[in-house]
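Structure, as structure tokens:
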Amino acid sequence: MERTLVLIKPDGVRRNIIGEVISRIERKGLKIVAMELRTLDEETAKAHYEEHVEKPFFSSLVEFITGGPLVAMVVEGNRAIEAFRSLAGATDPVLAAPGTIRGDYGLDVQANIVHGSDSTYSAEREIKLFFPDLA
């Protein structure tokens with residue numbers, strides 16, 4: 001079974017759609033094996049988004065992701081990374097298909113409700129960062 005990290009970002013928590021996201025994950029046949037509501041500290045946020053450190057939007061991304069509580073989950077299932085990314089939709093909600101989480105609820109590329117690991121390597125690194133006991 002493959003595992004992936006899923007975050008319901010602060011915009012999703014603020015808009016009270018945690019249950020909707022979880023329902024979609026479960027209906028897809030994926031299993032939530034760990035879940036926590038937390039406010040991310042700046043150090044963890046910077047480590048999580050380290051691949052963007054040189055990009056002009058890095059500071060605003062860190063500020064956004066630390067700006068309120070989020071839900072962190074480890075999701076498991078057959079091809080979990082690909083399965084969740086198909087549920088999430090394109091990063092830009094304008095380009096995300098209707099019926100995807102971002103297509104239905106996302107506002108812009110930052111306030112796009114969820115994050116999901118994009119590769120096996122990223123999933124392992126991100127799970128270790130958020131849930132070290134599961135790594």
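The backbone N, Cα and C atoms fix where each Cβ goes, and this holds for glycine too.
The feature ATP binding site is assigned by Swiss-Prot to K9, F57, R85, T91, R102, N112. DSSP classifies N112 (ATP binding site) as coil under the three-state reduction.
Taking a C-beta cut-off of under 8 Å and a sequence gap of six or more, H115 (active site, pros-phosphohistidine intermediate) has these contacts in its own chain: L5, V6, L7, K9. Look at Swiss-Prot and you will find H115 tagged as active site, pros-phosphohistidine intermediate, backed by sequence analysis.
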TODO: Identify, among the binding-site residues K9, R85, R102, the residue whose Cβ has the fewest other Cβ atoms within 10 Å in this structure.
DONE: R85
Open item on the list: Pairwise over K9, F57, R85, T91, R102, N112, annotated as binding ATP, what's the top Cα to Cα distance to the nearest Å?
Closed with: 22
TODO: Going by DSSP, give the three-state secondary structure for R102 (ATP binding site).
DONE: helix
